[in-house]
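Step one of this worksheet: look at the structure below.
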Amino acid sequence: MKYLKKSCGINYIFILCMIMYLGDTLFWEHLPVKIKENCLSLTFNSMMDHMLHGSFDVDPETVGQEGFLRNGHVYAYWGIFPALLRLPVIFLPHGLHIDITRLSCAIAAILMFCINLRSISYITTRTASTASWVRSLLFVAVAFTGVQICFLCPSLYQEVCLWALVFGMMFVYWALHSCLDPEEAPKALIWMSAASVGALLTRVSMGIGTYGAETLLGLLVLWRCWRNTLGAPQATVRKWLYQCAVAIIILIVGILLAAGINFERWGNPLTFANYNLYLFNEQYPDRLIRTEHYGLFNIQRIPLGLIYFFFPLWFIRNGDHLFFQDAFTRLIDAAELPPSSFFLTDGVFLLLGWIFVSSLMKRALQPRSMMVRTSSLAIIVGLSVPAILMLMAISMNYRYRAEFYPLIIFMGFMGAHSISLNNGCDRKWLKPLCWGLVAIGILTSHVVLILYDVSELGPATRFLTNGVVSYYRSKFCI
């Protein structure tokens, strides 16, 4: 009876989450589907229409200054997956003008939530009864903090991030399988490769991370098959090798697709965007000079990236200027509002991730433990790449938080599994600390979401001449 009541409670919360995600993404200001004339949110409609005619450019009137002008045609740098979602819409009357951005964002948010629920179920299925609170903790954390909340402000930019996160969370789900059940790793590689291709064709920075993680894990799995470290029958080993081959083929197909798209857009299969052709450069001519001197990615920006994503002091005024304003102006095109910190919105996952890394360092070198350790390190190293790239990027925008989440969520889930198996739940301080961090995450995630909804895009310095408090007071008419 107690289990039944608990199950019913979780179902009620699940329904509440669905209503909340739909409400946030669909009904804040507009209907889920609208007829619009030329505007940025119709860019993927235009992209799909042009692809049906054999080209990869878009209408200049839709993409506006977010486009790239090359050889008389205007291109968008976003991946084609969101455009493929418009395929059924294009054939409807006025299909080119049907804006489904909000509907697409809502579907992506719900899919991401469901995938993360599957991950929670997988890692808590075989844990001790004393760790039952961990399942509840993860459920609340996933449903009401961080990745699930901070992007519920639908726009074309967020749509790309949300679908990239769907593939990122799908990758994490199967990465958990590959780490915790080595016999299942070859099968998991197939699904991870599908997720990697989806990520690459949606948001390349996310795809680079998943491709890197799968490459490292795949090499590890092939070595295990070659050495037969699990002592499996030869028929099973052949099956594993076949599954690895399927995963490799899927990855190669994804690379060829991306290379073909890049060639059509930029004339180079290895170029994902040529910012020398960016139309926004007309409004910000200093960006070309900055790019020439420091490049799109530069290690000198890492301290500023840490400040932007983790220690948000950059928006505070220090006399007649902002903290670190000289360094940001010299190295970075734009630091975008709102200020936020992973320590606040995702503190519980960072804590669980730290516990997991600590357990890897302390764990006895049993064969099974070594497999978990090596597989996990392969995933962590690969998924760290997008996060490091964002720390070095020439622009620091709120939506770039997306690249950190597959790494944060993977390590958090592995940390939760670790404390459940190794009696970490017996630490009296751990449970209240985790719930406290979740409470902070719920509050700050929703506050940041509201601030993001009213914030203007672009360099924040021009909006903060009178301070951040004055800026947001004007937005809320206070």
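Heads up, residue numbers simply count up from 1 along the chain you see.
The backbone N, Cα and C atoms fix where each Cβ goes, glycine too.
Summarising the annotation, TrEMBL assigns transmembrane segment to 12-28 (among others).
Look at TrEMBL and you will find 75-96 (among others) tagged as transmembrane segment. Cβ atoms under 8 Å from those of the transmembrane segment (75-96) belong to residues 35, 42-49, 51-52, 56-58, 63, 66-68, 104, 156, 159-160, 163-164, 198, 200-204, 207, 261, 265-266, 272-273 of the same chain, restricted to positions at least 6 beyond its ends.
Among the features that TrEMBL reports, transmembrane segment is placed at 103-121 (among others).
Residues annotated as transmembrane segment in TrEMBL: 133-153 (among others). Packing against the transmembrane segment (133-153) from elsewhere in the chain are residues 10, 13, 17, 21, 24-25, 105, 109, 112-113, 116-117, 120, 124, 127, 161-162, 165, 169, 340, 342, 345-346, 348-349, 399, 401-402, 405, 408-409, 413, 416, 419-420, 425, 431, 434-435, 438, 441-442, 445-446, 448-449, 452-453: each is 6 or more residues past its ends and has a CB under 8 Å from a CB in it.
Same-chain residues lying 6 or more positions outside the transmembrane segment (160-176) and placing a CB less than 8 Å from one of its CB atoms are 78-79, 81-82, 104-105, 108-109, 111-112, 115-116, 118-119, 122-123, 147, 151, 188-189, 191-192, 194-196, 198-199, 202-203, 206-207, 209-210, 213-214, 217, 379, 399, 402, 405-406, 409-410, 413-414, 417. For 160-176 (among others), the entry in TrEMBL reads transmembrane segment.
Per TrEMBL, transmembrane segment is recorded for 240-261 (among others).
Look at TrEMBL and you will find 347-365 (among others) tagged as transmembrane segment. Within its own chain, the transmembrane segment (347-365) is flanked in space by residues 137, 141, 145-146, 372-373, 376-377, 408-409, 411-416, 418-419, 422, 424, 433-434, 437-438, 440-441, which lie at least six positions past its ends and keep a Cβ under 8 Å from the stretch.
Here TrEMBL flags 377-398 (among others) as transmembrane segment.
What TrEMBL records for 404-421 (among others) is transmembrane segment. Tertiary neighbourhood of the transmembrane segment (404-421): same-chain residues 116, 119-120, 123-124, 127-128, 131, 134, 137-138, 146-147, 165, 168-169, 171-172, 175-176, 179-180, 206, 209-210, 309, 342, 346, 348-357, 359, 376, 379-380, 383-384, 386-387, 390, 430, selected by CB-CB distance under 8 Å and a gap of 6+ residues from either end.
Annotation source TrEMBL lists transmembrane segment at 433-452 (among others). Cβ atoms under 8 Å from those of the transmembrane segment (433-452) belong to residues 24, 137, 140-141, 144-146, 149-150, 152-153, 337-338, 340-341, 344-348, 351-352, 398, 472 of the same chain, restricted to positions at least 6 beyond its ends.
Among residues of the same chain six or more beyond the transmembrane segment (377-398), those with a C-beta under 8 A of the stretch's C-beta atoms are 175, 178-179, 205-206, 208-217, 219-220, 287, 290-291, 294-299, 301-302, 304-306, 308-309, 331-338, 340, 360, 404, 406-407, 410-411, 452, 455, 457.
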